[in-house]
Amino acid sequence: MKLTKWALPLFFLLFYLLPLDQRPLWSPDENRYAEISREMVSTGDWVVPHFLGLRYFEKPIAGYWFNSISQQLFGDTNFAVRFASAAATGLSALLIVWFALQLWQCRRKAFLAGLIYLSLLIVYGIGTYSVLDAMVTLWLNAAMVSFYLIRQEGPLRTRVAGYLLFGLACGMGFLTKGFIALAVPVIVIVPYVIYQRRLPELLRFGPLAMVSAALLAAPWAIAVHLREPDYWHYFFWVEHIQRFAADNAQHKAPFWYYLPMGLLGTLPWLGLLPGALRKGWQDRKISPETLYLLAWVVLPLLFFSVAKGKLLTYILPCFAPLAMLLAASAVDLLKEGKERAFRVNAWLNGLFGLICLAVLAVLALSPSHAVYGEEDHGALAVAMVIFAGWALLGFIQLKDVSRRWTLSALCPMVLAVGLPWALPQSLIDSKLPERFIEANQTVLMDSSSLLANDVGLASSLAWGTRRSEIQLFDSKGEVHYGLSYPDAKERYVTRSDFPAWLAEARKNGQVALLLKTDKDGSTGSLPPADETIVSHRLTLLVYHGAR
């Protein structure tokens, strides 16, 4: 696959932007961020984040701002919900290309670094998914690039400006996802400058970065404190200390969690990884930029591995430098006429596709592990075509691997194009309730009261009906903090209180209760509904208004 100056923009357009609107929003993450920004736009409150009309202090404000601006530009669409993540990923790729050009003065290495980055499975998955990680990764990439460039010798004015710019990037990262955006640069840069014996320079100019970051964040930080004095207490202790270090941390996982997840995320370039890391380690003493890139990959990975709370999205900042190391190693191997790593990579992609095909066959033929039901024959066929295509793209490289090895970039793109049509109905109802809500839009819009027993379902209801006043039934979930305020007490209904609450609510009109049930479909002891609509694990109970 020949690289041209239009390859990256075309790749980004075809595989990032065009598919954004094709699949429903995933619950709970995408619905949550869609609804928070929709409420921000509709209420005009750009200071205090609200979710389902409740105070929601899980993240700072900048990510919501970008999502809200996207909705103002593109409307209440799935494209708008995901656009900020995709745009941030595209900008990160451009930054990688530019930085690689500065380091190596080699256009091929630079463009390959951008292509590899955009086609990494983890980057594509997060970059087309509405979470804040792609945005904070952009700011971290900008911070790390700016610091490396200003560490070089230059005029005092240039260094001062560079450190101020570094601080602004860190400040934007902080406004997007909090203190973690300050921790990542520190854990990479401090050991690096100590190793380079340049700590005095960092101590001299570092305060400039701290000042610029503080000045950027201060207006909103002060404004939200004046509006909600408890914001910073909750955000710091609960969302940072408990999430990452406490014994009851969210998303607890073992130390080695990121090893298999990171390797999987490196597809479709996994075969090039050992050689790239080995070459980087060998060149660390003669190549300061290689040492910097290695530190940028390894130290954040170790930091997040030590933390008790783990999510795959946390390690996204490690993949920009990894893409650059992979690209540099690949070009050097081609110059030396070495094809082994490319053949291994082609075989790995081919085998990965075949393994996924085998797993699909087991899921289709084994009743005890059935995922695809009788109504899912079309979806199963699409899924098999996807992984057959992945395998084919791997194996066809073997005939002329030195010319065809970049075809690996297309492997995840087959998945990207076909995924919306490859999902079984059970998964759609469980994780993409948007379609069920759309199918029952008339009933829901005619209801004066809407309830849900799951926060993800509630956010889907709010987004689908453009109403934020969804009642939480029998489960507080992640909005338990917002529900603890006196002005939000009536937003939660217990199962024992529901009959009395329902009798009163029906005086004002129809009531709709959306439930996510267990596999047996049981809704528990509830008043009999006038209408019951069931699809797999989703049950909609409709109570007509009292006459």
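For all residues, glycine too, the Cβ spot is worked out from N, Cα and C.
If you look at the transmembrane segment (1-21), the same-chain residues 6 or more away from its ends with a CB under 8 A from one of its CBs are 77-79, 82-83, 86, 89-90, 93, 97, 108, 111-112, 114-115, 118-119, 124, 127-128, 404, 406-407, 409-410, 413, 416-417, 420. Residues or ranges marked as transmembrane segment by Swiss-Prot on the basis of sequence analysis: 1-21 (among others).
For the transmembrane segment (83-103), the list of distant contacts is 8, 12, 16-17, 20, 63, 66-67, 69-70, 73-74, 109-111, 113-114, 117-118, 123, 126-131, 133-135, 137-138, 141-142, 145, 148-149, 289, 320, 323-324, 327-328: same-chain residues at least six beyond its ends, Cβ to Cβ under 8 Å. For 83-103 (among others), the entry in Swiss-Prot reads transmembrane segment, with the evidence type sequence analysis.
If you look up Swiss-Prot, you'll see 111-131 (among others) marked as transmembrane segment, on the strength of sequence analysis. Through the fold, the transmembrane segment (111-131) approaches residues 3, 7-8, 11-12, 15-16, 19-20, 25-26, 29-30, 33-34, 67, 81-82, 84-86, 88-90, 92-94, 96-97, 100, 262, 264-269, 312-313, 315-316, 319-320, 323-324, 326-328, 330-331, 406, 408-413, 416 of its own chain, all at least 6 residues removed from its boundaries and within a Cβ separation under 8 Å.
Marked as transmembrane segment by Swiss-Prot: 174-194 (among others).
Feature annotation from Swiss-Prot assigns transmembrane segment to 205-225 (among others); the stated evidence is sequence analysis. Same-chain residues lying 6+ beyond the ends of the transmembrane segment (205-225) with a Cβ under 8 Å from its Cβ atoms: 47-48, 60-61, 150, 159-160, 163-168, 170-172, 174-175, 182, 231-232.
If you look up Swiss-Prot, you'll see 253-273 (among others) marked as transmembrane segment, on the strength of sequence analysis.
Residues 103-104, 144, 148, 183-184, 187-188, 191-192, 195-196, 255-258, 262, 277, 280, 314-315, 317-318, 320-322, 324-325, 328 of the same chain lie 6 or more positions beyond the ends of the transmembrane segment (286-306) yet place their CB under 8 Å from a CB of it. According to Swiss-Prot, the transmembrane segment annotation covers 286-306 (among others).
Residues or ranges marked as transmembrane segment by Swiss-Prot on the basis of sequence analysis: 311-331 (among others).
Listed by sequence, the residues of this chain that lie at least six past the ends of the transmembrane segment (346-366) yet keep a Cβ under 8 A from its Cβ atoms are 267-268, 270-271, 372, 380, 383-384, 387-395, 397-398, 401, 405, 408, 411. Here Swiss-Prot flags 346-366 (among others) as transmembrane segment.
According to Swiss-Prot, the transmembrane segment annotation covers 378-398 (among others).
Look at Swiss-Prot and you will find 408-428 (among others) tagged as transmembrane segment.
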Counting Cβ pairs under 8 Å that are 6 or more apart in sequence, does the total for the transmembrane segment (408-428) and the transmembrane segment (311-331) reach three or more?
-> no
